[in-house]
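K.L.:
Before I ask anything, here is the structure I am working with.
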Amino acid sequence: MAYLVAVTACVSGVAHTYMAAERLEKLCLLEKWGVSIETQGALGTENRLADEDIRRADVALLITDIELAGAERFEHCRYVQCSIYAFLREPQRVMSAVRKVLSAPQQTHLILE
């Protein structure tokens with residue numbers, strides 16, 4: 001079973017941050033992937049990812065419209081990065097990218113436009 005860590009963050013830090021986190025949880029359940037999700041919203045950082053979780057993750061998914069607080073934590077990881085809009089509009093495209101990156105070398109970074 002694959003294990004993902006993710007961060008969601010939008011400009012206002014209200015609805016879309018949490019909508020993306022909720023949708024990702026459901027998609028990972030369908031894929032039978034474990035997932036831990038950190039949200040960076042109006043209330044600050046919630047469910048902050050532990051360094052150990054990031055280290056053991058197969059892939060990090062950075063769903064953001066803003067500069068993430070602590071983005072350097074993911075430099076050594078395979079990751080897929082996309083906007084909140086792209087994820088909410090085309091979640092299957094993003095999940096397909098995650099599947100591809102799962103088998104890529106460490107430190108593979110895929111940024112979706």
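Cβ atoms here come from the backbone N, Cα and C positions, even for glycine.
Annotations per Swiss-Prot:
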- Cys10: active site, phosphocysteine intermediate (ACT_SITE)
- 1-100: domain 'PTS EIIB type-2' (DOMAIN)
- Cys10: phosphocysteine (MOD_RES)
K.L.:
Output, ordered by sequence, the same-chain residues six or more apart from Cys10 (active site, phosphocysteine intermediate) with a CB under 8 Å from its CB, or 'none'.
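P.N.:
Once residues fewer than 6 apart are set aside, Cys10 (active site, phosphocysteine intermediate) is near His16, Thr17, Ala20, Gly41, Thr64, Asp65, Ile66, Ile84.
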K.L.:
Between 0 and 100, where does the mean pLDDT of the domain 'PTS EIIB type-2' (1-100) sit?
P.N.:
94
